[in-house]
């Protein structure tokens, strides 16, 4: 935006027109008038208006902001209308803010009429006028006059008059002599004008000629300097280049060819009598009228003294209006002289002699045009603010306030001085008068508002013809008239009124298009076009195309088929507008209620329902809820639900849509249920809908994992040199549940005291973790627990046997060890050779106590005594039974009785084939269900000694033989201890798969026995006997424990590598106790330890 210059009317540029070049006396008179006007504007009684001045560079692009009247000068920017009255087509004004912009018509300073004949340094102004109308108070507009100073830019290139300039220089010219070069012209001014000249010469002329620039009346005059001796006989012409450049940024330049011709001597140049000639010329002077004569003298003789006069640097207008006699220098009129077109002519005249080497001189001529009263005042009438004129007529409403401006009248006179002083009046008796619009106008140009003086009445006078007369002060005076016709417009002051302000009707849905809904009517108290009504509807966008109204009759019709389910009620306004200007309107409200019909089926919210429920839910539990809707209303929307293909598994509640199950779900039996629901509404006829329902039964962790391999009675042979990190076995298990309930983790919970093995929690792969040592040789039993990830978690337990040895030479011994492992409680570790450390310790003692033979003998005697004492203690536990029958405790030594040996041999199975070292486990373990044996009272309980070792067995079996040192005993049903106390049942199954529900402390058969006994570790510290557990259960208690609903066991079957003793066992094995009864501690099912009752203690 350009910088505004806020000039009051007292400023130098405020009230005066652009100054013109005048004589000194005229300029003084103008200055005096300006000072007087400035003084008058300072008086409080004369409120001089604001003069708006902006600056802008020429050639600005369209829509360039020049200034803002509201922001720069404090004019209002709300509720006012800004209108450009003068300044088109170069300017436009924003109607709301008063911002002034350039237009598509570019402002070219050199092309503006007002700036054609400016003197150097004189500013160029573009005048404009803007009217400001208060839209809120409807007052008369305010007129603003302003100027835009158009700043010059460097948009013109300086040029010489001809591309070839010719100079004639006589030979023998003195060094230092100057010759004038025709200067270049630049249409720009100031710094953008001609700034410098440059002479470009070839080698032959570089030392002969130079260039200097002289200042002549603010004009740069290039001059050629002779710098060497010229000889026409040697060189008669030279071609140089002269370059001119302006002072713009960036600068512009051009060049011309300077041709120098060497001629004979011409000594003297012409000389004018005056350096400046001034003359006055009356406008309208006839052609041939003498203006002024210039005269130059030449001291030479002959042709060198003859002078030829010509215009120099004269504009086209000078050459068009004036004629110069080439011989006499007389200047006469040759065209019409009009001061209103040009007020001053300024040019130069050149005098050149006719010698062979012509010389010239210049002088300045200024001709001032004198004004004559030859122009009558001009009256221009145009619209102002909101009042527009068309064909000399203005329309104005009868209700406008007094002093409302209906036109802007501008009176001007192109003459000057007294001839331009104009007086303006309104002729005739009309209610209008002129009021000066601006205090900044001159006598030759004034602006007036034509405004009303009294209220207007359309009924009295419908139009006025206003004549305006303007007279100047010339002698004789000249006058002119202009007229304006004002049409008074009738005011529409009555709005239409409806007979009812609110109307409500009922209309059925599914109608036919263009059906009549209702009719409305309104009336208007005005007459003529102000009473003619047009009806229209004002609706919201959603019902825009639903209804229409006849603009003349007021009939409201429906355009589309109404659907109550989409919209039940329509409300809109009916507008009645008259045809007055401005139009007045009346409104009424209309409400249309759409009546329902049963045209919609019930609709389920989803196209199909999928519900997920947990298994084992009790009957009549909610499994899901469906939502069904009916877009109809009332009975048409009352819905009944039912189950299609009803087999009694599901029922549905009407009202809530809740689906109930009549059964308890078991995912393992059926995981998906599918049926249909039917919805029927209460319409006439009824309408129905169907939807499919799928019930997905989600898994619950109600099944424990079961081990598929290896079998509890199988084993895996491992060579001692097996490398650590090698996989030696794999536990496989399955879970019939799904999802996370079937995801299994594997862990070793017992039997790995040396941490020799490690199991992968995810895959069940068992790997060897450490190097196998001598102490690791023998049988290893790992207790592996397989847990699922359900909540609560369930588990299964597997026994994994590894036999570490070089060979499998003694398979009978190995089968016996595995069988013993199955009878050993799970909390006792079976790992490696227990005799290895003892033998190593005895060897060290033997080599260390050679001298202590006596001490060894004493130790042996002590051992014999201790063994004797233990046998007596064992026999003391059965004294009560001996009293009842002597056969009860008849000893049966396995090592001495041939019958026992024969029986053992008969019970043995055929010896299995010897397995290879790399043989993998092939047995498929099945779940073994533990059934407590409910023997009748008449059946004799049998107790078998599980360990019988033939002679020559390896040392690895010594430990196991020590577990049964006493003779077998047999309890008879007649025994008081058998009939009154307990049955003795050893309850470990052949395959040791245990099923639990998260109880990590439940292992073996303890959790199912009424009473359990284990060996007292304090009595056999030297032998370190492994614990034996025997279950004593009463007949009635055994029957209760056999209830299959209370316990779940699974028999995994027998593998090829099972021991013959385990294959021949079925159910609980009954046989003689390995130790006397007092060697066992009694445990109850809850884990507490009870005291042992002895028959002899009862007596």
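Don't overthink the numbers, they just go from 1 along the chain as shown.
Cβ atoms are placed via backbone N, Cα and C, with glycine included.
Any TrEMBL annotation is an automated prediction that lacks curation.
TrEMBL assigns the feature transmembrane segment to one of the listed ranges (823-844, 845-866, 867-888, 889-910), namely 845-866.
Residue ranges 1-24, 25-48 are listed, and TrEMBL annotates 1-24 among them as region 'Disordered'. Note on the domain 'Cadherin' (273-379): mean pLDDT across this stretch is 89. Sorting the domain 'Cadherin' (710-836) by DSSP state (H, G, I as helix; E, B as strand; all else coil) yields 22 helix, 47 strand, 58 coil.
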